[in-house]
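**Student:** Quick paste of what TrEMBL says about this protein:
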BINDING   A:Glu176, A:Arg220, A:Thr372, A:Arg376  L-aspartate binding site
BINDING   A:Glu369, A:Gly417, A:Leu418, A:Ala419, A:Arg420  ATP binding site
DOMAIN    A:143-446  domain 'Aminoacyl-transfer RNA synthetases class-II family profile'
REGION    A:198-201  region 'Aspartate'
There are 2 protein chains.
Amino acid sequence: MSERVVVKNLAALSDGPVTVSGWVETVRDQKKVQFVVLRDESGAVQLVNPAVREVDPEVEGSAERLATTEAISALAHGSFITVTGELKHDERVKLGGIEVKVATLEVVTAANPETPIAADSSLDKRLDWRFLDLRQPKQALIFRIQTTFEHALRQYWIDNDFIEIHTPKLMASASESRAELFEVDYFEGKAYLAQSPQFFKQMAQSAGFGKVFEVGPAFRADPSFTSRHATEFTSVDAEISWIESHEDVMQLHEELLVAGFTAVKDKHGEQISELFGIELEVPSRPFPRIPLAEAKRIVAERGYEIPRADDDMDPEGERQIAAYVKETFGHDFVFLTDYASSIRPFYHMRNAEDGSLTNSYDLIYNGVEISTGAQREHRVDVLVEQAKEKGLEPEELEFYLDFFRYGVPAHGGFGMGLARVLMLMLHETSIREVTYLFRGPTRLAP
Amino acid sequence: MSERVVVKNLAALSDGPVTVSGWVETVRDQKKVQFVVLRDESGAVQLVNPAVREVDPEVEGSAERLATTEAISALAHGSFITVTGELKHDERVKLGGIEVKVATLEVVTAANPETPIAADSSLDKRLDWRFLDLRQPKQALIFRIQTTFEHALRQYWIDNDFIEIHTPKLMASASESRAELFEVDYFEGKAYLAQSPQFFKQMAQSAGFGKVFEVGPAFRADPSFTSRHATEFTSVDAEISWIESHEDVMQLHEELLVAGFTAVKDKHGEQISELFGIELEVPSRPFPRIPLAEAKRIVAERGYEIPRADDDMDPEGERQIAAYVKETFGHDFVFLTDYASSIRPFYHMRNAEDGSLTNSYDLIYNGVEISTGAQREHRVDVLVEQAKEKGLEPEELEFYLDFFRYGVPAHGGFGMGLARVLMLMLHETSIREVTYLFRGPTRLAP
């Protein structure tokens, strides 16, 4: 590879010859001097070129200088270039106190000069041109944050002896509800896209793996167009054996999030403050826990009537309880616990004292649900009963029920939407902003 | 959580009360004493129980002792139990020099006493009962190795400033050949499952991300039943900007593999030797590189005629060249470089001097291809020509071609099959052994 220096490393170098590569962010083509802001994956630097507008036969190299000057004049925004030149530290230069005086300039790919999106383009338009949208430092930072966040979770898992699994996304049956299932032509038959790794991370418990994690895609044929839903999303999953209750899962969950937020704040806190105007807070442990029934009373006392016939919260209820928790405990997270069994999947374990409740929780962050966790029912006879009660056909679930017939420890876990965490962390208004390439009912490209 | 101690941590404890949880591997029910081997995710330990076969009213607690004895007699292989008892170090105990004398025993889930698979069951049968198959220490070790290997790759990427991306698996068109494409019912239309993240990791180059990685599923509607193919597999992908040629990609690739193998040898070398009878070797850098044409000459000189009409190698040719490399350089890996453009995808860059060759490589490990890498064609006019030449419709590729129209750096990368690496590392005969849940034309369950 060439001795290219990435921009963020320039400041530490002494004045002298350097090579930089990146794309053209702006060109200021003045009569006597030209300025180019070149950006790469690490930052932006000013290039400066004393313009030579005609060949002076007396001056050696003036033909080359003219060619370089004309090349800069012709540079389209977005073209990728490699420049060699002299690095010079100069406090007067606003952009980082350095500049590079151009010696040679190579245009690697000239950009189409029409720019299809602008700062005020709609989100949908920006998504059409996502590869250009992502060139903005703010958008690129989102994916550096994602990288750091995920790595911190994985480091926690590795340090705590978890096994990483890659569960299949092609299944013979539904893993959650049949309603939101994508069907695949599979040779002579049909397959379905996994809505979650639920069954297969539970299988790992039966296999004696103890503690497992997975970060991978999940698919929901959900026709809704809200800012929180996608047909394909990255699911962060963990499942552990030998728990006493969902409390053990919540402890794991909050430790993981603290590890993730700590790493993000350490590595990107300053940039987040600069580009998003947010002082990222690492949440304190334990996160508040409120049983759902109590949360609903609190919300009602605040004057909000949840307009639902079932026992669930609604998005406004979640915002209300989050506001209460913020006011009362100064916390951005809250575990809502003990959801009614009527609104939970058949595989959630029910409360031993009150079968109308489950050993489960939702995790609310800044007023939005980011995760569901639970202890799982591991007694096969109870599991079969609960499946029937939910109107499922135990015959279709045979392969899953087998996991419980040959011994299985008590276990539980959670699934968490990665994009939701990022959206709420960065106060973005849609998961579309924090998903590399969003997929929705009417969006399959790019 | 209870104060459960995982088995591998018992040896370091002093004699005294402990709680252990796991599944029953064997029961030896002798008249005067009972032995149970309990296994958990970390190892196995012997439980010992002096049998009490009848209640002696004179002896306090003898009813409880009788109950425990009977519970042990009734234990089915595979049942998950929690035992409290007294840990005792005793050199005479073969299994780790420790045992636990049972005080209380709780059966968490009694296993169905019929064991559907045995040591000599066929692979297919074992896959039917994968959750039982994975209880074998050798099978479980595979996934600990996978975890360590992947984490080492990711650590390398993080240390080298890569961004992790999650590219969509739902696409509007094919990413590789239309022949092996799974079709999905997508609301009113159709979608296709990504055969690779190829287009989208290239998009990251156009987005200015610099260096990216992804570990995620890829799908091929490949009807073949070989030991090396699956319809869904975990693809390890990296893509980097500002390369000079595929040589830069190969350097990255071998550094990554050395990082992965070093971590696996450090953490699991002893166990691999014990359970697989293999002394794992960390490959030395640089890996040998042989242009394909030369490799074919070498193979021909060894007396093997490649029975193919095109310019490609075949599996036996790959074994032959690997044997040559092993004999000549003592190396398990070889990069075969400069594949003919006739057998490479349209997006591989061609050799600047000889357009019949590409800037590409296959990586062969222990005689089997595990990866393809290449410099990509980033000049859109050349790319369009190459697509047409391969019989593709540029119209269908418009969204991809756009990535190259607004500036893009020179770039390249590779995709590597995770299961193939593991299979060859552990001298397994099929990727089905090293895939958590294999998917093939006739296998969608469990």
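Along the chain as shown, the residues are counted starting at 1.
Using the three backbone atoms N, Cα and C, a Cβ is placed for every residue, glycine included.
These figures come from a predicted structure and were not determined experimentally.
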**Student:** Return only the integer: C-alpha distance in Å from A:Glu176 (L-aspartate binding site) to A:Ala419 (ATP binding site).
**Tutor:** 20
**Student:** Which chain-mates of A:Ala419 (ATP binding site) that are at least 6 residues away have a CB under 8 A from its CB, listed by sequence?
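**Tutor:** Once residues fewer than 6 apart are set aside, A:Ala419 (ATP binding site) is near A:Ala230, A:Phe233, A:Thr234, A:Ile431, A:Val434, A:Thr435.
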**Student:** In this structure, which of the binding-site residues A:Arg220, A:Arg376 has the fewest other Cβ atoms within 10 Å of its Cβ?
**Tutor:** A:Arg220
**Student:** Kindly state the mean pLDDT of the region 'Aspartate' (A:198-201) in the predicted structure.
**Tutor:** 97
**Student:** Between A:Thr372 (L-aspartate binding site) and A:Arg420 (ATP binding site), what is the CA-CA distance rounded to a whole number of Å?
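**Tutor:** That separation, Cα to Cα, works out to 13 Å.
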**Student:** May I have the DSSP-based helix, strand and coil counts for the residues of the region 'Aspartate' (A:198-201)?
**Tutor:** 4 helix, 0 strand, 0 coil
**Student:** Using DSSP with the three-state reduction, classify A:Arg220 (L-aspartate binding site) as helix, strand or coil.
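**Tutor:** In three-state terms, A:Arg220 (L-aspartate binding site) counts as coil.
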**Student:** Taking just the CA atoms, what is the gap between A:Arg220 (L-aspartate binding site) and A:Gly417 (ATP binding site) in Å?
**Tutor:** 12
**Student:** Could you measure the widest C-alpha to C-alpha distance across A:Glu176, A:Arg220, A:Thr372, A:Arg376, the residues recorded as binding L-aspartate, and give it to a whole number of angstrom?
**Tutor:** 22
**Student:** Cα-Cα, whole number of Å: A:Glu369 (ATP binding site) versus A:Arg376 (L-aspartate binding site)?
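**Tutor:** Counting only the Cα atoms, the answer is 20 Å.
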**Student:** Compare all C-alpha positions of A:Glu369, A:Gly417, A:Leu418, A:Ala419, A:Arg420, the record's ATP binders, and send over the largest distance in angstrom.
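**Tutor:** Binding-site diameter by Cα atoms for ATP: 12 Å.
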**Student:** Using Cβ-Cβ distances, find the residues under 8 Å from A:Leu418 (ATP binding site) that belong to the same chain and are at least 6 apart in sequence, listing them in sequence order.
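**Tutor:** Listed in sequence order: A:Gln146, A:Glu150, A:Val215, A:Phe233, A:Thr234, A:Ser235, A:Val236.
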**Student:** Under 8 Å between C-beta atoms and at least six apart in sequence, can you list the same-chain neighbours of A:Arg420 (ATP binding site), or say none if there are none?
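**Tutor:** Sequence-distant Cβ neighbours: A:Arg228, A:Tyr365, A:Val368, A:Glu369, A:Ile370, A:Ile431.
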**Student:** Please report the number of other Cβ atoms within 10 Å of the Cβ of A:Thr372 (L-aspartate binding site).
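**Tutor:** Within a 10 Å radius of the Cβ of A:Thr372 (L-aspartate binding site) lie 20 other Cβ atoms.
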**Student:** My understanding is the cutoff is Cβ-Cβ under 8 Å with a sequence separation of 6 or more in the same chain; which residues meet that for A:Gly417 (ATP binding site)?
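**Tutor:** Same-chain residues close to A:Gly417 (ATP binding site) (Cβ under 8 Å, separated by 6 or more) are A:Phe233, A:Thr234, A:Ser235, A:Val236, A:Ile370, A:Ser371, A:Ile431.
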**Student:** Translate the DSSP assignment of A:Arg420 (ATP binding site) into the three-state scheme.
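**Tutor:** In three-state terms, A:Arg420 (ATP binding site) counts as helix.
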**Student:** In terms of DSSP three-state secondary structure, what is the assignment for A:Glu369 (ATP binding site)?
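**Tutor:** Strand, per DSSP.
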